[in-house]
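Engineer: What follows is a structure written as structure tokens; I'll ask about it next.
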Amino acid sequence: MIQQVEDPAVEVHDLTVTYHKKPVLWDIDLTLPRGAIIGIIGPNGAGKSTLIKSMMNLIPHSSGYVRIFDSNIDEVRPQVSYVPQKESVDWDFPASVMDVVLMGRYARLGLFKRPRKADREVALDCLKKVGMEAYKSRQIAQLSGGQQQRVFLARALAQEAEIYFMDEPFAGVDAATEKAIIGLLREMSEKGKTVVVIHHDIQSALEYFNWIVLLNMRLVASGPTQETLIPSLLEETYGGKLTLLAEVGNLMHKKEFTGRDKR
Amino acid sequence: MGQLWEFLSFAEPNIRYVTFGSILLCSSAAVVGSFIFLKKKALVGDAVAHSVLPGVCLGFILAGNKNPILLIAGAFVTGWLSLVTIDYISARSKIKEDTAIGLILSVFFGIGILLLTYIQHSGNAAQSGLDHFLFGKAAAMVSDDVNIFGGMAFVLIIAVALLFKEFTLISFDVDFAKTIGFPVKGLELVLTTLTVFAIVAGIQAIGVVLMAAILITPAAAARFWTNNLRKMIFLAAAFGGFSGLAGAYISYIAPAMPTGPWIVMVISVIAFFSFFFAPQKGIVMKLISRRAMAHQIQEENVLKLLFQLGQEDKNYFQQRSVGDIQARRPFNTKLLLSALERLKKQGFLEKGDDRWQFTQAGQKKGARMVKLHRLWEVYLTRYLRIAPDHVHEDAETIEHIITPDLEAKLEKLLEYPVKDPHESDIPYL
């Protein structure tokens, strides 16, 4: 069940991504609708983070291409916001909550310029939206996991982007934070923003997302939630890796087979 | 003493030059080093420092004398080459970064020593003093050197000030920096170039062997004192500058001494002091607050016990001996006595003929401790479904950290229970 859409927010065309010559994503071909809350779901090692990172061109593609709002990513960077996994940074870094949220304004500021008063006000506003304004001067080392996630979200909001890529924003957060985040996502979607979220829990996915991408090294399904979150497709996604696919991948890794790589 | 005065009066122009030069070099290295420290690349800094030696020697061979421009150019080239090689090896082979750093550091430094020995035996009279590049000799700097190295240091500080926001971002979250379209590769390149510059600027005063210390140690020491990046960098610069000053002084009063080791000694003392005595993060301060916590726990346990005894005898203000208390709970006598004395000082107990009794305030505090203990036991049995005979140990710890705020929440949540899981009364005042 792979449904394509007209005038998509994201178009992934025949994308293959390799890691040390070993394909981790095979021939992904999908389109994501604008203004939707999209869940990317699959088992560990399915390549979910790799997919969104290659959508933003953080990881080189072996073949295929990605277009965002029908443009090359580099032309629309200011409209793209990324919320990395919170474990990807060192929270012992000497910075305050406000410092981190202000980073969301850097794209607009450009090089050399310092944040202006207006940027501080936007940042403070975003902290309010995630319920963290009382913590603006707090050291990031003193935050709980849920609070760290909220700070990352506030930083993304401060970018005032059109499309948001979030890597497991619900991982390791408390119930109150989860509720606050999903409330925000819905609000963003109502304003026409597109939100792409990597998610683990199938139960809540049914309720949270209106578009689902099922992934396990290859694309299993992409379509409206009701049509994709069905037992047969979930079975296909979680029913283990395709052994032949994995074996071929391992062989390519071992032989340093470069046939697919762009030169 | 006379020497110190002569030094501090800066009567001699050369002292003035060398001193200001050293301060500027060391503080600029500390400023750039702060980002190396935050990016956890301390070892890379060390490798680059060692790798500039062959370049210095090649510069000398080419020039035939100690022309600072050629020496710097040579140092810059091999310093850079070492970085590129480390990156290449760790990206393209199975060798991990730490091994690549170790390899490159020793290979480049080895070549440097070979070249240095060759120059020393070449009979070139201009070579005398080249070996100062190993361990540094601030006093050997002449005004031209100071102008060049000091100028480089000044440029470094300006560059970091201009790119402060960008360097902060690539140190904290490099992927995010890429997604917002920052030229991350270019910025990394600038930061690396500045690092090599800082090292090259410092080789005459500090020497290649110990240069890494002045890059990293000031930042590491400053991190203990503050959580604010700007303050951290200013502090690092101040620590670096002070050790530069000390190095220049020593180089002046003891001309036979290399400067580098002395600068490293001074900055290390600052680092050790920070490690032990910085508020909050220092080891000693942590020990002090842990001791205060241990005292508080002992005191609260004594008050709780006296209250329990009073509850049983229906007389809270009875005088009790140390033996009475220990009969109920085997406190260590010495610890118990000191806890009792402290409680007396705090006004929670009174003492008469080696017997102790509650004051009003003490009885109230004792009641609170018993209440917290028993409330927590109720909470554990009710909400975590833990068997009543398993809750005591946990409550022994938790009772000491419950704040009045949590206490109120707990009471409300449990609806003011009157009995704990062991059927003892919960006292409310």
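For all residues, glycine too, the Cβ spot is worked out from N, Cα and C.
On a predicted model such as this, the values are computed, not experimentally measured, just so you know.
Below are the features I grabbed from TrEMBL:
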DOMAIN    B:359-427  domain 'Iron dependent repressor metal binding and dimerisation'
TRANSMEM  B:15-38  transmembrane segment
TRANSMEM  B:43-63  transmembrane segment
TRANSMEM  B:69-89  transmembrane segment
TRANSMEM  B:101-119  transmembrane segment
TRANSMEM  B:146-164  transmembrane segment
TRANSMEM  B:176-199  transmembrane segment
TRANSMEM  B:205-225  transmembrane segment
TRANSMEM  B:232-254  transmembrane segment
TRANSMEM  B:260-278  transmembrane segment
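Could you place the listed features in the three-dimensional structure?
Structural biologist: Same-chain residues lying 6+ beyond the ends of the transmembrane segment (B:69-89) with a Cβ under 8 Å from its Cβ atoms: 44, 47-60, 62-63, 95, 97, 100-101, 103-105, 108, 112, 148, 152, 192-193, 196-197, 199-200, 203.
Residues 28-29, 32-33, 35-36, 45, 48-49, 52, 75-76, 79-80, 83, 152-153, 155-156, 159-160, 163, 166-167, 169-170, 208, 211, 215 of the same chain sit 6 or more residues outside the transmembrane segment (B:176-199) yet have a Cβ under 8 Å from a Cβ within it.
Cβ atoms under 8 Å from those of the transmembrane segment (B:205-225) belong to residues 21-22, 25-26, 29-30, 32-34, 36-38, 42, 45-46, 49-50, 52-53, 56, 109, 112, 132-138, 141, 149, 195, 198-199, 231-233, 235-237, 239-240, 243-244, 247-248, 258-261, 263-264, 267-268, 270-271, 273-275, 278-279, 281-282 of the same chain, restricted to positions at least 6 beyond its ends.
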Engineer: Taking residues 6+ outside the transmembrane segment (B:232-254), which of them lie with a CB under 8 Å of any CB in it?
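Structural biologist: Sequence-distant neighbours of the transmembrane segment (B:232-254): 3-4, 7, 15, 18-19, 21-31, 33-34, 136-139, 157, 160, 205-206, 214, 217-219, 221-223, 225-226, 260, 262-264, 266-267, 270.
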Engineer: Restricting to the domain 'Iron dependent repressor metal binding and dimerisation' (B:359-427), what is the model's mean pLDDT?
Structural biologist: 89
Engineer: Give residue numbers and ranges for long-range contacts of the transmembrane segment (B:43-63): same chain, 6 or more residues beyond its ends, CB-CB under 8 A.
Structural biologist: 33, 36, 70-79, 81-83, 86, 98, 101, 104-106, 108-109, 111-113, 115-116, 118-119, 127, 130, 133-134, 195-196, 199-200, 203, 208-209, 211-212, 215-216
Engineer: How does the domain 'Iron dependent repressor metal binding and dimerisation' (B:359-427) divide up by DSSP, counting helix, then strand, then coil residues?
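Structural biologist: The counts are 45 helix, 2 strand, 22 coil.
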